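The domain 'ATP-grasp' annotation in Swiss-Prot covers 107-290. What Swiss-Prot records for K144, E181, F182, D190, R214, S215, N216 is ATP binding site. Summarising the annotation, Swiss-Prot assigns Mn(2+) 1 binding site to D251, E263. Positions annotated as Mg(2+) 1 binding site by Swiss-Prot, on the basis of sequence analysis: D251, E263. The Mn(2+) 2 binding site annotation in Swiss-Prot covers E263, N265, and the record cites sequence analysis as its basis. The Mg(2+) 2 binding site feature in Swiss-Prot is assigned to E263, N265; the stated evidence is sequence analysis.
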Amino acid sequence: MKIGILSRNSKLYSTSRLVEAARERGHEPRVVDVLKCYMNITTNAPTVRYRSSGVSEELQFDAVIPRIGASVTTYGCAVLRQFEVSGVYSINESIAITRSRDKLRAHQLLARKGVGQPVTSYAHSADATNDLIESVNGAPLIVKVMASTHGNGVVLAETDKAAETLINAFRGLKADFLVQEFIKEAGGSDIRCFVIGDKVVAAMQRTAQPGEFRSNLHRGGSAQVVKLRPNERRLAVQAAQVMGLDLAGVDIIRSSHGPLVLEVNSSPGLKGIESATNKDIAGAIIDYIVKDVLNGPNKPKGKG
């Protein structure tokens, strides 16, 4: 099977592991930089072409694995959509990726389906600042920039006054942001659930460094294998399905009123989860694709 891996850097751990796992199983993987792709949008004959080293060629794959960075979401999803209309299978569809990348939209979709998550508020008017703070039960609270990744642009406000100052500062920078309740009892830990299809294939607990509330591994957090409770497994799978994702990293947090979803990641990294659990996650992804391709082209999943 010819498998295209849409990634801007073939040396990244996740990308190289997918290449390795595909080759081990006798497939033909190829890493493709989406920014070097261009589309021929012709009625009844849509194609994706690739220009590298001065040579242009039509790309033909049986399946693609999107590893599209947040900074190139719009163009990357346009390329992926072109593969989709050409009948190429993708483990995650472009519409599902765009749902999950829009933090506000994702929270709205999860809320509509009854998926537990921290109380979240959003407003445009400066007149609503106090209402935002009150709606999440006051400080301490989290202010999260919509475009944040790896914990960047996520700030803890310890007091209502600090929250007001922070919100006004973000407004002054024309930043789009959410205000979210702070789950103190989580103690700076969250759980990354790695979902493939309708199963959680691995999970790790991430713990923040002392004095830090963000548990992201990119910010120096530590990771260890964790045993999930049945309701946590169900929640993670449900969250991925609401987004329409067959491959997802679902971040959940343990609160006094049950597990809550923090975020659904459509392009979860493999290094942390494979290191913590000692599982061949890359191989599980390839195995799932091979099995799912037999079911035919993608059918849109999720709504909204």
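In case you wondered, yes, glycine gets a Cβ from its N, Cα and C as well.
Features as recorded by Swiss-Prot, highlighted on the structure.
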residue: K144; record: ATP binding site; Cβ neighbours (10 Å): 20
residue: E181; record: ATP binding site; Cβ neighbours (10 Å): 20
residue: F182; record: ATP binding site; Cβ neighbours (10 Å): 18
residue: D190; record: ATP binding site; Cβ neighbours (10 Å): 24
residue: D251; record: Mn(2+) 1 binding site; Cβ neighbours (10 Å): 21
residue: E263; record: Mn(2+) 1 binding site; Cβ neighbours (10 Å): 22
residue: N265; record: Mn(2+) 2 binding site; Cβ neighbours (10 Å): 22
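Between F182 (ATP binding site) and D251 (Mn(2+) 1 binding site), the C-alpha separation comes to 15 Å.
Candidates K144, E181, D190, D251 (binding-site residues) were compared with N265 (Mn(2+) 2 binding site); those inside 10 Å Cα-Cα are D251. K144 (ATP binding site) sits 12 Å from E263 (Mn(2+) 1 binding site), taking the Cα positions as reference.
Cα separation, D251 (Mn(2+) 1 binding site) to D190 (ATP binding site), rounded: 7 Å.
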